Amino acid sequence: MVNWTNARDIIAFWLLGLCNNYGYVIMLSAAEDILDNQKGTGSTNTSNTCETGLTSRHCNSVSAGAVLLADNLPALVVQTTFPFFMHRFPFGFRAVIVFVLQAASYFIVAYSGSIAMSLAGVCMASLGQGIGEITFLAMAAHYVPGTIASWSSGTGGAGLIGSFSYAFITQAGLSPSNTLLAQLFIPVLFAGAYFFLLTIPPTVYSPTFNPKTWIIPDNYDRDVFEAAEARGDVLNTKKVPQRELGVMERLKLIVPLLYLMIPLATVYCAEYMINQGLTELIIFNCSQGLNLPLSSQYRWYQVLYQLGVFISRSSVKFFEMPLWLIWCLPILQCANMVFFFFEAVYWFTPTIIIIFSLIVFEGLLGGSAYVNTYNKIHKKVSPDVREYSLSAASMGNSLGTNIAAFLSIPLYNWVCGMKPPHR
């Protein structure tokens, strides 16, 4: 018999994952357009026709790595600091902050008149994504384990739907600014999923309009369970009372997670070196590039990468990776990065189809690392520290992405300074 409460929660977590990462994905998919639109003159990469011969590398003065940095550095700050105090703020309060940041980011980037303003809007999307990720990964401790798989699948869906919708709509002729404004229904969907679809168990603290209730009391979990036990009630939750942790205890709890966090960080570092440092430099002429314009090639790289991410992030219900296979993922992704580096330098691949296939593979590796890492943590850590452990582990992917953002900018500039091969 179907448990409709659990079904509602699983659907809600899928939608929350979708909406939480949607803005982040849109900003990365629009990276070249965000930079091109602020130059005052058209970029060489924005032509709507393919090029029969390539005689230059078609570099931007500011690489997409700058957008990656703005799209990730705020999230890194959030994910490395907020787990130490965010547990005192109600989940509903955090959801409102995420909603506001999401909506503001679309407006600011769409109406921006400078690169600085555009990057400020991207930073807002990053803040919202970072707060949302540590919030809902922690919140999953209150629900059935299937919510982790659902959240991961939703974030993968954000990548696929977001990148495809941006590529398709802009290819159809709508301007990048209007395309961003057309995505404003996403924050509304996010609010609906949290406030109307998701069921809130009694272990999730619910504040009132009284400001005195806006901080979660100490030992709230224990008080709820003791009160229910005194009444003889059985709480509809998968959570156990969470241990009260000091700063040093929280730091010590990160150490047992490093065997999963380090591989995840390595996969993400290699992954985003490819996406934002190298694929911009991999371009094809008409005969080798399926007659795609240069700007469309970059957009479809993003779509296919997100397709791989979506498939793998949705796979954990069918196949859970053993630990040894999780540890193989960084090796495979680093090998991928080496291939893309030499391709960016020498342009030796005869057709864009090969690059498309490898980008799907890259996404499969990244998505598998993400979903299997959090699934392992949810199942393996002690239940009384599960909420903190799930939020703290997000430092791994965020740190890897930010290292890639810092490294991709000088790498991009170095390759751009090289003489282009013939294609």
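Our numbering is plain: 1 for the first residue shown, then up by one each step along the chain.
Cβ atoms here come from the backbone N, Cα and C positions, even for glycine.
No curator has checked TrEMBL annotations; they are predicted automatically.
So that you can see what the record holds, here are the features copied from TrEMBL:
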type: TRANSMEM; residues: 12-31; note: transmembrane segment
type: TRANSMEM; residues: 91-112; note: transmembrane segment
type: TRANSMEM; residues: 119-142; note: transmembrane segment
type: TRANSMEM; residues: 148-168; note: transmembrane segment
type: TRANSMEM; residues: 180-200; note: transmembrane segment
type: TRANSMEM; residues: 253-274; note: transmembrane segment
type: TRANSMEM; residues: 323-342; note: transmembrane segment
type: TRANSMEM; residues: 348-371; note: transmembrane segment
Long-range neighbours of the transmembrane segment (323-342), counting only residues six or more past its ends (CB under 8 A): 260, 263, 266-267, 270-271, 273-274, 278-279, 282, 348, 358, 361-362, 365-366, 368-369, 372-373, 376, 411
Outside the transmembrane segment (253-274), six or more residues from its ends: residues with CB under 8 Å to it: 68, 72, 245, 326-327, 329-330, 333-334, 336-337, 340, 359, 362, 365-366, 369-370, 373, 376-377, 381, 385, 388-389, 392-393, 395-397, 399-401, 403-405, 407-408, 411
Stretch of maximal Cβ-Cβ contact with the transmembrane segment (348-371) [cut-off: under 8 Å; candidates 12-31, 91-112, 148-168, 180-200]: 148-168
Same-chain residues at least 6 beyond the ends of the transmembrane segment (148-168) whose Cβ lies under 8 Å from its Cβ atoms: 10-11, 13-22, 24-26, 28-30, 136-137, 140, 179, 183, 296, 299-300, 302-303, 305-307, 309-314, 316-317, 363, 367, 370-371, 374-375, 378, 390
Cβ contacts under 8 Å made by the transmembrane segment (91-112) with residues that lie 6+ beyond its boundaries: 19-20, 22-23, 26-27, 30, 34, 38, 118, 120-122, 124-125, 127-128, 131-132, 135, 139, 177-178, 180-181, 183-184, 186-187, 190-191, 194-195, 204-207, 214
